[in-house]
Amino acid sequence: MLNIGYCLSQRKQKRLHWPKFIKYCKENHSIILHELNITQPIKLEVQLDGILQKVADELFNEDQLSQKRLSNFLNFVRENPETVVIEDIEKLNVFRSRDDLNETIKPKVEEIENAFLPPSIVASSCSEAEELISTHETVSYPVICKPVSAGGLSKTHEIYIIGNNKGLKSLDNFPYLITPYYNHSQTIYKIFINGDSYVCVPRYSLRNLDPNELSGFKTAKLGKGIQIPENIKPNKTIQLLDNLKGIELKVICEKVKTALGVEILGVDVIRCDKDQRLAIVDINYFPGFRGVQSFYEDLAILLKARIQTKKQSNTLIEK
């Protein structure tokens, strides 16, 4: 029997139907899950073999309450050095910044045939964005603008599609990471990585943009709870593409995992219409795994494998 603690927001637990996972683990894998209350110093009567965590809100927010909760969690981890933490907090710091994240994975992505990271610029003001776009060799309208900060307030999840200089005036959360918008037949590949398991779920994305219409296309705003504007809404009468090859999928997963040292990931990929190359456009730690039927089994297997690896390592050290 394994005892594993978990530290997930109520929102995350709801999305993952967590009570079902708790029951599944107990009945099928002899795993007992224990919730960690980080609103106060953590006290448990059982010794944990592992901890599964997503303390992103606490890690990315700098308010006093978030920092106190993070401190309680880190103190517990320090007091229990033999407990496996999935994933280590230190490895998640890179997810604070989209620019840092890109720089971290770039060397490994460059090893992937037919895949790339979109070129990017970072602008701290509207005027700087206008100047950089006008002089950059490969970043030109239309562009996607994402806040460099990848966590914290809801504004960090607001994304803008900008068609011209006038559209830049819509930006209000600088600095922004700015990349080209690639036409991709309105299909995005949501790749879910869970240890050695990876699943690709094609979904509708945003429609192709005609260069001839950019003069009248100023801006479109996307984000959680924001309805997709009509000018970029996909035409769902057109069938989704499903042309991501198995070998392409495997290589992307292995390279990204190696670069980040993290095994629970979501990777968003599009296939550019112009040259059929694959663009890696977003990476998230511990995504929602919507549409992944094997999520419970894959996660349970990962937890057991990581704990077993730790125990074997300790045995070798003792010898």
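Cβ atoms here come from the backbone N, Cα and C positions, even for glycine.
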Annotated companion of K54, H157, K190, N284, G288 at the 1D-myo-inositol 1,3,4-trisphosphate site, TrEMBL, chosen from K12, K14, K233: K12
Collapsed DSSP category at K12 (1D-myo-inositol 1,3,4-trisphosphate binding site): helix
Binding-site residues: S205, N284 - member with fewest neighbouring CB atoms within 10 Å: N284
Separation of alpha carbons, D268 (Mg(2+) 1 binding site) and N284 (1D-myo-inositol 1,3,4-trisphosphate binding site) (Å): 9
Listed in sequence order, residues with CB under 8 A of D268 (Mg(2+) 1 binding site) and six or more positions away: I188, Y189, K190, I191, I280, V281, D282, I283
Chain-internal residues, separated by at least six, CB under 8 A from H157 (1D-myo-inositol 1,3,4-trisphosphate binding site): G223, K224
The one of K12, K54, R98, K146 whose CB sees the fewest other CB atoms within 10 Å, among these binding-site residues: K12
